[in-house]
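S.K.: The structure under discussion is supplied below as structure tokens; questions concerning it will follow.
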Amino acid sequence: MKFERSTYLKIIFSSISFLLLFLTNNLFAQGSTSTAPTSVNAPTIAIDGSMASDAMWMGIGYNVLIFLLICIVIAILGRILKIYDLTLQMQSKKGIDWNKIMAMCFGLFLIVGLYGAYWEYTVHGSMILPDAASKHGVRIDEMFNITLIITTIVFVGTQIMLFTFAYIYRGSQLRKAHFLPHNNTIEKLWTIIPAIVLTILVVFGSLTWKSIMDVPVSEQRSALNVDITAHQFAWEVRYPGKDGKLGLKNAKLYSANNKVGVDYKDKNSYDDLTADEIVVPVNKPLRINLIAQDVIHSFYLPWFRVQINAVPGLPTFFQFIPTITTDEMRTKLDNPTFEYKLYCNKICGGNHFNMQKVFRVVKEAEYQDWLSKQKPYLNDQLKKELKMTVVQPADSVIKNKLAFNKL
Amino acid sequence: MATALTVNNPASVHSHEEHGEHHHHETFLTKYIFSQDHKMIAKQFLITGIIMGVIAMILSVLFRIQLAYPNTAFPFLETLLGRFAPEGRLDPNFYLSLVTIHGTIMVFFVLTAGLSGTFSNLLIPLQLGARDMASPFLNMLSYWFFFTACVIMLSSFFVQKGPAGGGWTIYPPLSALPKAMPGSEMGMTLWLASMVLFVASQLMGGINYISTVLNMRTKGMDLWKMPLTIWAFFLTAILGVLSFPVLVAGVVLLIFDRSMGTSFYLSDIVLNGAVLPNEGGSPILFEHLFWFLGHPEVYIVIMPAMGIASEVMAVNSRKPIFGYHAMVYSLIGITVLSFIVWGHHMFVTGMNPFIGGVFMITTLIIAVPSAVKTFNWLATLWRGNIRFTPAMMFAIGLVSFFISGGLTGIFLGNAALDINLHDTYFVVAHFHLVMGSAAIFGMLAGVYHWFPKMFGRLMDEKLGYLHFWLTFIGAYLVFFPMHFMGLDGVPRRYYAFTEFESMKQWLSVNTFITWAAIMSALAQVAFLFNFFYSIFHGKKATQNPWNANTLEWTTPVERIHGNWPGEIPTVYRWSYDYSKPGHDQDFIPQTVPFSQTMTSNLPHDFEDDPDVEKLQSEWIKQNSQEVK
């Protein structure tokens, strides 16, 4: 005991002396570079390298100092508590009952924690995405809400049980625990009830999932096809021309003028259009056809509950029906500059955090107007490169049976 | 006892004379470095794990600073990181490297090797009554492979282009094409090399754990008398042995793709304007191979923590663990199911929707055994006589995290919901709670609980309390708000939230989270001080400081080679006879035969053995007559 206390004291004294030394050093340093900022959080552009570096070390030293001070305060508090405890025991009273204090802390944590969870649900919960702007998204949101209600009930119930049990059944010399090795009835109950609840969730989840991902072939045929090629760190957009069909692509055909590698052996390619943004008509089935050129990317439109990976060598697609136009969403959110944005949601390199594209949902008329202004993918440079002289009329390719979407 | 099984245990035949210390002339090198003693190897794993954990934690603070202050320059970052933080701002590629290495170290080096390596090594022989592991030499190799893997992983910070940066899941083609990002150059090569060694280490460890559990249990220790810790370690080792080789297969093919021009994962690639010749490969193949390990891996991480929590909670509630058999069966259920759920990481990869549906079913089924475990823990606390040791606090914290994080798994396991939640901060919040915080709490509970068995001293209780509360509250403050960021569609692994108007509302939350993370990180100083100080100056422990039943507390405090000075004790009962009615003490160690506890024996104890039941009933009859 004596040994222990003396080492503690030694530590405290040596750290105090160390601190004092440190402080004086820092004070002197501050005198010489009094113009330099002291906070690490707001450094200015360094006029003088050494001055900035001094300031930096000052800032770090300052923070370390604060931390050491906190440590010392804690150590001293610990000592005081210990001494208090010992005096209590010397007066043959009961010492500090840490077991009880910890039990009370758990009780307190439960109350504060539940309030914290409530606060999170209401404050941060109001910052989440607005209602889905797509047909299937509404079903996802329903599924989400059902799951949220069930899990919140279980969350609150089990956490209350956990911490109240910890509080109520805190140890005491007077009591012996209740010897209860098992109870088959209750165990069966809490195996079967979660199983039933999960079965319900699985059934509804499967139905929702199937309805979203398993779009009937006939519906896929009637959808507007948009072709997206992802590469580091941009999305290339291609629309079908008048024939409504996208020409085939082949990554091997890549060139500076043919960035997505459109295959001109496929006659459907000739009238394809290129676009800088994705503009789609509202309430029309939309089929996004995806592929990546270099690494995996993910096509993520959170407002529409849409996400599918773009994988090199593996064409993927996602079909959905947007239901809220950008303008409507602007009014709804009371944000006149709002735009739907396409995120990349699969780590793809240094600029992953800024691989975006505007995704605009407009009325049909507006869409047609926009579409008519888009330029053909097959521009003059590409024609030259492909040694093409004649522009083929779009009508002649309609009869061609080669379709991109052989379904 | 008639029910005691005789186990063929070669180690128990050896007498003390063969194992006494005076036969071993141990040098510093054989005792502390190339030790073959399971307790020393456990300590080596633990301390290496702690050091790796601190490193990974510092990495997380670094990228949290970037997320909190994306527009601020921190000159000290440039001093610290040099070219990785030009002008005091983290390089975006280095940010990804930090995220990658943080994840890799935490998942593999801390929560797999640090957790299983420490406690399987320490407790399997001690709780089963074995002198050492089945193969002490293999055990030593396991540690040194692990150590080498650590060194290689950390060395990647010192190569020109920095460490691997493709995320801890290292999906190709990003990881396969050195030119795709700086983190896919030398750093990725080192990552892969490190991982191969790591898996070798895990296999050696795992084979050892399995063979020790199966062959070296002491007399009377049948499988159904093993503490839940051992069950957890045993099943974890089986999981590891069956799934880790698949990762190596995936990694080896990736190495071929990177350096030998093969196309296992590559097809139709145009990188920086160059068309690559690769054809016919599939990046999705890697995802399947990776997650075939990757998903069992999260159970490899959490199951030992569950085992430790079960043991610690039973000991400190002074109550038998509720539903011992259900606990074992749920562990077995998790083990089996964890092999057929990996596809839930791949719902939106373009995988056939039907397969996605199947994986959704298996994924949600695995929630059932998890729920059973949670309810059984709650029932263990119910009407207990709880002693709040720091270990117990951390075990309770584990249950709280496991509930909070487990419930969000029901969202993510649902393929329909995963469409919108995949790879968002919701996922980050989910796994950090359910396998990150919960598993680390299990590990810390284990450290506090078995510290006396490792070092013969006790850790300071008050500092333990401080450590617990700061970490517990800190972890919730860090991860709870992240759920809502995810529900707002904020993707993970974003270097800054500044480029999207819609994400700017989360900037202040990010600052808050960072400060909470810094607080929790600093709280670990309390642990580190407590740990290292107590090794040398902690209060001396008694032989059985927690009044526990398991065998490790029958070994002497001095922690001798061979564990028990004389014969290995025989086991007569399960390890959870706490507060048994009729017994004067609130615990009955496993080594106490039923013949010495006639007052407290229950019919259930005799496993339907008619002879013993007769003996007991005769004794009761006799005694009740005496009373009359």
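Glycine is treated like the rest: Cβ placed from N, Cα and C.
Since the structure is predicted, the reported quantities are computational estimates derived from the model, not experimental observations.
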S.K.: Out of B:1-23, B:530-552, B:553-575, let me know the one TrEMBL marks region 'Disordered'.
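M.R.: Of B:1-23, B:530-552, B:553-575, TrEMBL gives region 'Disordered' for B:1-23.
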S.K.: Which sequence positions outside the transmembrane segment (B:94-116), separated from its termini by at least 6 residues, show Cβ-Cβ distances below 8 Å to it?
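M.R.: For the transmembrane segment (B:94-116), the sequence-distant neighbours (Cβ-Cβ under 8 Å, at least 6 residues beyond its ends) are 45-46, 48-50, 52-53, 55-56, 59-60, 62-63, 66, 81, 84-85, 146, 149-150, 153, 156-157, 162-168, 170, 181-183, 187, 191, 195, 198, 201-202, 205, 209, 233, 236-237, 240, 297-298, 300-301, 304-305, 435-436, 439-440, 442-443, 446, 493, 495.
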S.K.: Pairs 6 or more apart in sequence, C-beta under 8 angstroms, 3 or more of them: is that satisfied by the transmembrane segment (B:425-451) and the transmembrane segment (B:321-342)?
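M.R.: Result for the transmembrane segment (B:425-451) with the transmembrane segment (B:321-342) is no.
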S.K.: Establish whether the number of Cβ pairs under 8 Å between the transmembrane segment (B:321-342) and the transmembrane segment (B:230-256) reaches at least three, counting only pairs separated by 6 or more residues.
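M.R.: In this chain the transmembrane segment (B:321-342) contacts the transmembrane segment (B:230-256) - 3 or more Cβ pairs sit under 8 Å.
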S.K.: Do any residues of this chain, six or more beyond the ends of the transmembrane segment (B:463-484), have a C-beta under 8 angstroms from a C-beta of it, and if so which?
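M.R.: For the transmembrane segment (B:463-484), the sequence-distant neighbours (Cβ-Cβ under 8 Å, at least 6 residues beyond its ends) are 389-390, 393-394, 397, 400-401, 404-405, 408, 425-426, 428-430, 432-433, 437, 441, 444, 448, 509, 512-513, 516-517, 519-520, 522-524, 526-527, 529-530.
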S.K.: As a test of reading the model: what is the averaged pLDDT for the domain 'Cytochrome oxidase subunit I profile' (B:28-596)?
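M.R.: Averaged over the domain 'Cytochrome oxidase subunit I profile' (B:28-596), per-residue pLDDT gives 94.
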S.K.: Hey, does the transmembrane segment (B:45-67) touch the transmembrane segment (B:512-533), meaning at least 3 C-beta pairs closer than 8 angstroms, sequence gap 6 or more?
M.R.: yes
S.K.: In terms of Cβ proximity under 8 Å, which residues at least six beyond the ends of the transmembrane segment (B:354-379) contact it?
M.R.: 306, 309-310, 313, 321-323, 326-327, 329-331, 333-334, 337-338, 340-344, 346-347, 399, 402-403, 406, 409-410, 413-415
